[in-house]
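The following features are taken from TrEMBL:
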- H84: active site, proton acceptor (ACT_SITE)
- D85, V88, G90, D92, S94, E106: Ca(2+) 1 binding site (BINDING)
- P181: substrate binding site (BINDING)
- C53-C132: disulfide bond (DISULFID)
- C86-C91: disulfide bond (DISULFID)
- C138-C337: disulfide bond (DISULFID)
- C218-C250: disulfide bond (DISULFID)
- 43-341: domain 'Plant heme peroxidase family profile' (DOMAIN)
- R80: site 'Transition state stabilizer' (SITE)
Amino acid sequence: MAELVLPMPFPLSISKVSKMRNQALILLCIVVFGVIGTCHGGSLRKKYYKKTCPTAEEIIKNATEKHVANDPTLPARFLRMHFHDCFVRGCDGSVLLNSTTNNSAEKDAIPNLTLAGFDVIDDIKAEVEEKCPNVVSCADVLALAARDAVSFKFQRPMWEVLTGRRDGRVSRVSEALANLPSPFANFTTLVRNFANQGLNVHDLVVLSGGHTIGVGHCNTFSNRLYNFTGRGDQDPSLNPTYAAFLKTQCRNLTDNTTFVPMDGSVFTFDNNYYVTVKQNKGLFQSDAALLTNKGSRNIVNELLDPKKFFTEFAQSMKRMGAINVLTGNEGEIRKKCFVAN
């Protein structure tokens, strides 16, 4: 069953909305299923591999941290990869599959051409396979690696990852193009993108906070600098001082290699993203869109509180990680993440 999505009474605070959602979801699970835990996310659960591969999560954590220590760009890369995986066919590892002679996979869709770190996911999976062959899914490896990479600097888990996902066998470039939110999207389009995944405005604003780490390539926002309405103009909602800086980095509309930090720093995972959005310094049109709706503006304001952000981000990541998961006998367990069995 899909997650119960409550209508968003925007004047309510995040805490009240979250409480209402949780109470309603628990009630639905009890009424329909008689138990809590078999509703959202299918049969995902804590320590799914406790009997079949007791050290799986430890192996993934240690391997992830080893790679992050040598490459601080990986937290942003894994977080984005996990997001892109979940928004197309659910969190089934389909973004990891390579294209074949007869099929163009998600990985080759234009929004995914700047994804990176696939080789590291393959390395982490190989370490798990060495200990526990054909047990742990690539989908779970990616979900755990994304969490562990972001958590590395904090030395504690920043959100809970339930496990038990199975790997999908299908990966289509067309579905990535149809389902991934665009950096050029307006508020209405973003809401629809998230609603299609069982997520709401609250999740949209919270998960956008992932833009606090990583970079954006010039071609994903340079229209805001040079040709916003097709008349060679600048986006009037963009902070003029920030726009002037961006123009020193991105010299023209055709630059597709230069990149800039998304919120002023590349490696610091915090709530500074919302500070920049409030200052009209959101890099993408989709960032600026969060200020075009009263309800989402209210949520942006509440997430200026660091504690609130970390709490809400953890909850929304858990919901995102359960989108349309394959469990039980569905899908497969891939030995190598880039090729179906």
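Each Cβ is built from the backbone N, Cα and C atoms, and glycine gets one as well.
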>> I'd like to know which of these disulfide-bonded residues, C53, C91, C250, is least surrounded, judged by other CB atoms within 10 A.
In response: C53
> Which residues does V88 (Ca(2+) 1 binding site) neighbour through Cβ under 8 Å, counting only same-chain ones at least six apart?
Replying inline: S94, V95, E106, E175, A176, N179, L180
> Expressed to the nearest Å, what is the distance separating D92 (Ca(2+) 1 binding site) and C132 (disulfide bond) at their Cα atoms?
Replying inline: 19
> At the Cα level, what's the spacing in Å between C53 (disulfide bond) and C250 (disulfide bond), rounded?
Replying inline: 48
> How big is the gap, in Å, between the Cα of C91 (disulfide bond) and that of D85 (Ca(2+) 1 binding site), rounded to a whole number?
Replying inline: 6
>> Using the alpha carbons only, what distance in Å do you get between H84 (active site, proton acceptor) and C250 (disulfide bond) once rounded?
In response: 25
> Far apart in sequence but close in space: which same-chain residues, 6 or more away, have a Cβ under 8 Å from G90 (Ca(2+) 1 binding site)?
Replying inline: G168, I323, N324, V325, L326
> Can you name the residues of this chain that are 6 or more positions from R80 (site 'Transition state stabilizer') yet have a C-beta less than 8 Å from its C-beta?
Replying inline: L115, G210, G214
>> Distance check, please: Cα of D85 (Ca(2+) 1 binding site) against Cα of C138 (disulfide bond), rounded to an integer number of angstrom.
In response: 11
>> Looking at the disulfide-bonded residues listed here (C86, C138, C218, C337), whose Cα lies nearest to that of P181 (substrate binding site)?
In response: C86
>> Tell me which of the disulfide-bonded residues C132, C218, C337 ends up closest to C86 (disulfide bond) in space, Cα to Cα.
In response: C337
> Nearest to C132 (disulfide bond) in three-dimensional space, by Cα, is which of the disulfide-bonded residues C138, C218, C250, C337?
Replying inline: C138
>> Measuring Cα to Cα, how far is C138 (disulfide bond) from C250 (disulfide bond) in Å?
In response: 36
> Hey, for the Ca(2+) 1 site built from D85, V88, G90, D92, S94, E106, who else sits with CB inside 8 A of the CB center?
Replying inline: H84, C86, F87, R89, C91, G93, V95, G168, S171
